[in-house]
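Student: Not my notes, these are from Swiss-Prot:
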MOD_RES   MET1  N-acetylmethionine
TOPO_DOM  1-36  topological domain 'Extracellular'
CARBOHYD  ASN2  N-linked glycosylation site
CARBOHYD  ASN15  N-linked glycosylation site
TOPO_DOM  62-73  topological domain 'Cytoplasmic'
TOPO_DOM  100-111  topological domain 'Extracellular'
DISULFID  CYS110-CYS187  disulfide bond
TOPO_DOM  134-152  topological domain 'Cytoplasmic'
TOPO_DOM  174-202  topological domain 'Extracellular'
TOPO_DOM  228-252  topological domain 'Cytoplasmic'
TOPO_DOM  275-286  topological domain 'Extracellular'
MOD_RES   LYS296  N6-(retinylidene)lysine
TOPO_DOM  307-348  topological domain 'Cytoplasmic'
LIPID     CYS322  S-palmitoyl cysteine
LIPID     CYS323  S-palmitoyl cysteine
MOD_RES   SER334  phosphoserine
MOD_RES   THR335  phosphothreonine
MOD_RES   THR336  phosphothreonine
MOD_RES   SER338  phosphoserine
MOD_RES   THR340  phosphothreonine
MOD_RES   THR342  phosphothreonine
MOD_RES   SER343  phosphoserine
Amino acid sequence: MNGTEGLNFYVPFSNKTGVVRSPFEYPQYYLAEPWQFSVLAAYMFLLIVLGFPINFLTLYVTVQHKKLRTPLNYILLNLAVANLFMVFGGFTTTLYTSLHAYFVFGPTGCNLEGFFATLGGEIALWSLVVLAIERYVVVCKPMSNFRFGENHAIMGLALTWIMAMACAAAPLVGWSRYIPEGMQCSCGIDYYTSRQEVNNESFVIYMFVVHFTIPLVIIFFCYGQLVFTVKEAAAQQQESATTQKAEKEVTRMVIIMVVAFLICWVPYASVAFYIFTHQGSDFGPIFMTIPSFFAKSSSIYNPVIYIMMNKQFRNCMLTTLCCGRNPLGDDEASTTASKTETSQVAPA
């Protein structure tokens, strides 16, 4: 084995020279230079500085403006809540541990940080599944004139949290475990060892199949059908021009969210899968650290995409920030842009 396994950790560094120490007790400067840990800390600080205000503003603006409290927006707000969990439960912890170059909070802190990071990522993924299904049902109309209402949104929210908890909570109750990964300053699922005592291999397979592959298959199926339907409707002029435009804008926004999710999480999932299928192989701490920390940026992109591509929300945000006045003079109440009949989201 080219790494060193302990009771509750796996360090990707051979202990032939006797330098490996527990990542819960000693700085890990034998894994990377001090400046590299400082870079990680600076990156986490940036995510906190950007992630908290963006996601908090998303929630606050929605509370302030009743017109934004629509069924589809419930799912988008769900992402903001999950991102705030990641910021406070994960990013602040990782910032502190990066400054010390080891996981100073011990195994319990590792469990909490790993839980919040996994929970946030899974809520984001299952929220995108719900959005994809909503777009498919509304635009493709497999169930005639189905209207995505408040009850459907609540059921969608429940699904995202149930599925996310089914994944993130399992290591806390003995199915797999959370351990420090990469440069040992953040925690995640144990992809590195078989760990028979906690049935680690079965959990990793379960996670990749149920909580990654199946959601992506659903998403790609829904959008494949959706693209075909939108093109067909446009060719046959089955919908009014304003309705088609609104549906296309909302669909484009959600598709961009999906693409952004893939960009952030596929590198991490790919590296994790490689490590899992090549346990004991030689790889350095940076190999897992970069995709792991890159995936954490997912807490920022969804609200940014939403703000940039949703004219109604953008105008409400400017009105809130500017004490009741929109400096662009584009009052949402007077805009003639049509909303989709189901999602009630105005096009950008």
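Cβ from N, Cα, C; glycine included.
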Student: In whole Å, how far is CYS322 (S-palmitoyl cysteine) from CYS110 (disulfide bond) when you measure between their Cα atoms?
Tutor: 41
Student: How far is it from CYS187 (disulfide bond) to LYS296 (N6-(retinylidene)lysine), counting Cα to Cα, in Å?
Tutor: 12
Student: Could you tell me which of these recorded positions, CYS187, CYS323, has the greatest number of Cβ atoms within 10 Å of its own Cβ?
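Tutor: By the 10 Å Cβ neighbour count, CYS187 comes out on top.
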Student: Is CYS187 (disulfide bond) helix, strand or coil when read with DSSP?
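Tutor: Once the DSSP labels are grouped into three classes, CYS187 (disulfide bond) ends up as strand.
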Student: Which residues of the same chain, at least 6 past either end of the topological domain 'Extracellular' (1-36), have a Cβ under 8 Å from a Cβ in it?
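Tutor: Beyond its ends, the topological domain 'Extracellular' (1-36) has Cβ neighbours at 100-104, 106-107, 110, 177, 179-180, 182-185, 190, 192-193, 280-288.
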Student: What's the CA-CA gap between ASN15 (N-linked glycosylation site) and CYS323 (S-palmitoyl cysteine) in angstrom, rounded?
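Tutor: Cα-Cα, rounded: 60 Å.
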Student: Could you find out if DSSP has ASN15 (N-linked glycosylation site) as helix, strand or coil?
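Tutor: The residue in question, ASN15 (N-linked glycosylation site), is coil (DSSP, three-state).
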Student: Do you know offhand how many angstrom separate CYS323 (S-palmitoyl cysteine) and ASN2 (N-linked glycosylation site) by C-alpha?
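Tutor: Answer for this pair: 59 Å between alpha carbons.
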Student: Please report the distance from the Cα of LYS296 (N6-(retinylidene)lysine) to the Cα of ASN2 (N-linked glycosylation site), rounded to the nearest angstrom.
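Tutor: Cα-Cα, rounded: 27 Å.
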Student: So, three-state DSSP: helix, strand or coil for CYS110 (disulfide bond)?
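Tutor: The three-state answer is helix.
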Student: Quick one: DSSP breakdown of the topological domain 'Extracellular' (275-286) into helix, strand and coil?
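Tutor: Grouping H, G, I as helix and E, B as strand yields 5 helix, 0 strand, 7 coil.
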Student: Around the Cβ of ASN2 (N-linked glycosylation site), how many other Cβ atoms lie within 10 Å? Please give the count over every shown protein chain.
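Tutor: The answer is 12.
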Student: Sequence gap of 6 or more, C-beta under 8 Å: which same-chain residues meet both conditions with respect to CYS322 (S-palmitoyl cysteine)?
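Tutor: Those within reach of CYS322 (S-palmitoyl cysteine), by Cβ under 8 Å and sequence separation of 6 or more, number none.
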Student: Measure from the Cβ of LYS296 (N6-(retinylidene)lysine) and count the other Cβ atoms within 10 Å, all protein chains considered.
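Tutor: Summing over all protein chains shown, LYS296 (N6-(retinylidene)lysine) has 23 other Cβ atoms within 10 Å.
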